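Asks: Look at Swiss-Prot and you will find THR9, LYS41, LEU73, ARG87 tagged as substrate binding site. Residues or ranges marked as ATP binding site by Swiss-Prot: THR9, PHE10, HIS17, GLY88, VAL89, ARG90, GLU98, TRP123, ALA124, PHE125, VAL126, SER127, SER128, THR129. What Swiss-Prot lists as site 'Transition state stabilizer' is HIS17.
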Amino acid sequence: MTSVIYPGTFDPITNGHLDIIERSAVIFPRVLVAVANSPSKKPLFSLEERVELVRQSVVHLSNVEVFGFSDLLANVIKQHNISAIIRGVRTTTDFEYELQLAALNRLLTKGVDSLFFPPAEKWAFVSSTIVREIYLHGGDVAELVPVPVFNALKAR
């Protein structure tokens, strides 16, 4: 069975992330969403909270699995017998950075390629960073994030 992985910090997961997961789930029989610990980024939500928010956001997708990780992505890829890495790219800056990571991951995994998904037009400007900034300044992010994330932000 072809398995792909969509790694990220997902702090928080946005509707742009969810769109990429849904599109991947149509194409591939098994999609693993790997939520990175990333303590250096000083996340708004803990790893456990982010994993749970992603799980709640993809509950309608039967072929999607969600887990957290702190290891090197290449090691996670080997452990789960992954065929490809899914990455979202919004801008040329994203693409240049992701191209470098793709080459590095291909080297470290002995040939696992990265597949780049452009965003749906309505999510092209959305990022977790932008969502956090809007939220921290009292703005409304209801249209930018899945309902479980919006509810978690309201509860903070």
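Count begins at 1; order follows the chain as displayed.
Cβ from N, Cα, C; glycine included.
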Asks: In whole Å, note down how far the CA of LEU73 (substrate binding site) lies from the CA of ALA124 (ATP binding site).
Replies: 25
Asks: Including all protein chains displayed, how many Cβ atoms other than that of THR9 (substrate binding site) lie within 10 Å of its Cβ?
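Replies: The Cβ of THR9 (substrate binding site) has 17 Cβ neighbours within 10 Å.
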Asks: What Cα-Cα separation, expressed in whole Å, is found between VAL126 (ATP binding site) and THR9 (substrate binding site)?
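Replies: Cα to Cα, VAL126 (ATP binding site) and THR9 (substrate binding site) are separated by 15 Å.
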Asks: Of the binding-site residues listed here (THR9, LYS41, LEU73), which is spatially closest to SER128 (ATP binding site) when Cα positions are compared?
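Replies: Of the binding-site residues THR9, LYS41, LEU73, THR9 has its Cα closest to that of SER128 (ATP binding site).
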Asks: Between LYS41 (substrate binding site) and VAL89 (ATP binding site), what C-alpha distance do you get in Å?
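Replies: Between the Cα atoms of LYS41 (substrate binding site) and VAL89 (ATP binding site), the distance comes to 20 Å.
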Asks: Given the binding-site residues LEU73, VAL89, ALA124, VAL126, which one's Cβ is surrounded by the fewest other Cβ atoms within 10 Å?
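Replies: Sparsest of the binding-site residues LEU73, VAL89, ALA124, VAL126 by Cβ contacts within 10 Å: ALA124.
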